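Peer 1: Mind looking over this structure? Questions follow.
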Amino acid sequence: MVAFGKKLKERSIQEWQRYYINYKLMKKKVNQYGRQLEGGNLERRHVLKDFSRMLDNQIEKVALFMLEQQGLLASRLQFLRQSHDALQEEPQISQISNLKEDYRAVGQDLLKLLHFVEMNATGIRKILKKFDKRFGYRFTNYYVKTRANHPYSELQQVFRHVGLGAVVGAVSRNLHELQNNQGSYLSIYDQPALPLQDPVVDSIRAAVDRLTHSTNFLNFMAQHAFIMQEELPSPQDEEESVEQDGRYHFMSLLLNLVNTFLYMVNTYIIVPTADDYSMSLGAAATVCGVVIGAMAVAQLFSSVYFSAWSNKSYFKPLVFSSIVLFIGNLLYALAFDFNSIAVLLIGRLFCGLGSARAVNRRYISDCVPLKIRMQASAGFVSASALGMACGPALAGLLQTRFEIYQLTFNQDTLPGWVMAVAWLLYLVWLAISFREPAREPEEIHNASEESNNSGEAVQEVNLEKGIKEPLLITSEEIEEEEVEDEEESEEASEDSRKPANSIVAAYRLLTPSVKVQLLIYFMLKYAMEILLSESSVVTTYYFGWSTSSVAIFLACLGLTVLPVNIVIGSYISNMFEDRQILLVSEIMVCVGILLSFHVVVPYTVPQYVCSGLIMFVSAEVLEGVNLSLLSRVMSTRLSRGTYNGGLLSTEAGTIARVIADVTITVAGYFGRSMLLNATLLPSLVICVFSIVATCFTYNSLY
């Protein structure tokens, strides 16, 4: 921070002074907000609104000046283009030399503008980070998401440096033609790898790369993946991301996504036939709840040890997962010939013990470079959604019966046999193609953590390499900033940044708003599990549906996941605040539950299908928005380590699924005629309670 402040003082551009963001004003505002909140004179909602408006005005000032300067550069390039065309008809060495100097002059002014953009982007990132640090929550994520997604975003001008690329290309291409390719029809576009030996172009390229590193943090996709980052990517993070390129291996990432897909298929492929399988083994149809839920019970434990195991290796946990899932599916398939419900349940428990979703998330978070991490996270979500749809659909296709060497293959056992073969093939592919990422020695890792824990100082020093134009601050302001930053650095002790070392320690880090978000996640997973797990029993009792009909219904529900999230992510989230979508989605889940009750009139297929669709789609919308909000309000100490935010949300959802499946089995003792209402009633109570809790914490969400 000291080095940053000194360079701000030494390298100012006086003629552009009034176009920089007013860092001093915003910093004083942050301190003022803090004092007013502590004194109870200001509401948190007002702070967020006022600071957002002020930052919008500052960014607008920078963006409009950028556009003005781009226009001036474009006019000069257009004029030089005319001279360039004239020289092609009558080339003269002296005029070519003068024209190159003119292009270099434009390049120097372009460098000036690039550095101006970089310093303003750095200042915006700094003040956002300071705001988050002062008030203890992630306003940055909200601000970037709402501004970057908007079609008229001025933030895009700064952080995506829209339009500057064309100017960079024009200067580079024309200098390339004048210097290296006189008389040639080839350009930089035809030979992109051909180096151009010109110091101005080299400086421009370095500035563009540095600017990209400084501003590439518009991560507003893949909310469902909930792959937490400790903070927004900084230039230091981007340099580490370049090092991650050596660790990144596309086939290994693909294998992680395939593991995610197969596990989701494995989870839902038995849902249409679980009740029939239970009855064929002499149990009640509602025992399907225990059969389906056994996998979730085991996942409660597997999530923890896989999360811990991923600290040391990725390959070994995936191998172990594949072997355990192969054994589990084999036992599930053999339970029919053994005529044993115990073997069936043990098989499902083994499948749950093979849940490596924590490893899949961790691989994306640790080994995928920042520039493609968003796509990888979206791939994780897509693989999960596709597996959820393919599982029931595949079960609907396995409607046959035959025997081989006294082994029975029918609609009940074929899901186990098919998945056992799938995991065996996956294990072979994994052994051949997966590459274990190189890991740093423990000393280097610890040193890296210490470096990350030292606050903004290290990041800002790295930011300043090669930067010539600063934000404008007087010497008094610099001294004030340095003193404040030193005080903040001393206050940020190592203990406050260490990850939680137990579930209890992680739970203590949860604020009331985070607890409400986890309650919502619990509620939606409970409601979805009730709908999906009892679908076969309910539809058979009321409508006489076959296994194929149930499979089609569940597959159609699964296929709504991606379209719904595209609509929400691309359109709805740009028109409404996340907390508004959250509350409306909760209410719609409640409406879906209410419509699902069998009260007086005869229960009909349209009522069940429509209410189920409303409940499922609303829960999917709610899940994405809820995880997005959760990632903002959760402590940064829960962004790393074994007991991280992803593990907490996974455990909350898994516990909900376990309780839901147990509820189905217990409700079965009242008879199948009472099953639907008996299972929907707890869902309704939990949903209403979560809505009330959301209303109480509504102002703390953003």
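Quick reminder: no glycine exception, Cβ is built from N, Cα and C everywhere.
When I checked TrEMBL for this same protein, it listed these features:
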DOMAIN    2-145  domain 'SPX'
TRANSMEM  253-271  transmembrane segment
TRANSMEM  283-306  transmembrane segment
TRANSMEM  318-335  transmembrane segment
TRANSMEM  341-359  transmembrane segment
TRANSMEM  380-402  transmembrane segment
TRANSMEM  414-432  transmembrane segment
REGION    477-497  region 'Disordered'
COMPBIAS  477-493  compositional bias 'Acidic residues'
TRANSMEM  518-544  transmembrane segment
TRANSMEM  550-569  transmembrane segment
TRANSMEM  581-601  transmembrane segment
TRANSMEM  613-630  transmembrane segment
TRANSMEM  680-701  transmembrane segment
Peer 1: Within the same chain, where does the transmembrane segment (680-701) have neighbours whose Cβ lies under 8 angstroms from its own Cβ atoms, ignoring anything closer than 6 residues to its ends? I mean 6 or more beyond.
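Peer 2: Contacts with the transmembrane segment (680-701): 43-45, 512-513, 516, 519-520, 522-523, 526-527, 530, 578-579, 582-583, 586-587, 589-590, 593-594, 596-597, 629, 633, 663.
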Peer 1: Please indicate, using numbers and ranges, the residues of the same chain that are 6 or more beyond the transmembrane segment (253-271) and have a C-beta under 8 Å from a C-beta there.
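Peer 2: Same-chain contacts beyond the flanks: 277, 291-292, 295, 314, 318, 321-322, 325, 329, 332, 348, 351, 354-357, 359-360, 363-364, 367-368, 376, 379-380, 383-384, 386-388, 390-392, 394-395, 415-416, 418-419, 422-423, 426, 429-430, 433-434, 532-533, 535-536, 550, 554, 558.
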Peer 1: Run the contact check on the transmembrane segment (581-601) against the transmembrane segment (518-544): 3 or more C-beta pairs under 8 Å, excluding pairs closer than 6 in sequence.
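Peer 2: In contact, yes.
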Peer 1: Please indicate, using numbers and ranges, the residues of the same chain that are 6 or more beyond the transmembrane segment (341-359) and have a C-beta under 8 Å from a C-beta there.
Peer 2: 256, 259-260, 263, 266, 270, 277-278, 281-283, 287, 290-292, 294-299, 301-303, 306-307, 309-310, 314, 317-318, 320-325, 327-335, 416, 646-647, 650
Peer 1: Under 8 Å, at least three CB pairs between the transmembrane segment (518-544) and the transmembrane segment (380-402) (pairs 6 or more apart)?
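Peer 2: Stretch pair does not touch.
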Peer 1: Most CB pairs under 8 Å with the transmembrane segment (318-335): which of 283-306, 380-402, 414-432, 550-569?
Peer 2: 414-432
Peer 1: Determine which residues of the chain contact the transmembrane segment (283-306) at the Cβ level, with the cut-off under 8 Å and only residues 6 or more beyond its ends counted.
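Peer 2: 267, 270-271, 274-277, 317, 321, 341, 344-345, 348-359, 503, 529, 533-534, 536-537, 540, 642, 647, 650-651, 654-655, 657-658, 660-665, 667-669, 672, 675.
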Peer 1: Mind tallying the domain 'SPX' (2-145) by DSSP state, helix then strand then coil?
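Peer 2: So the counts come to 127 helix, 0 strand, 17 coil.
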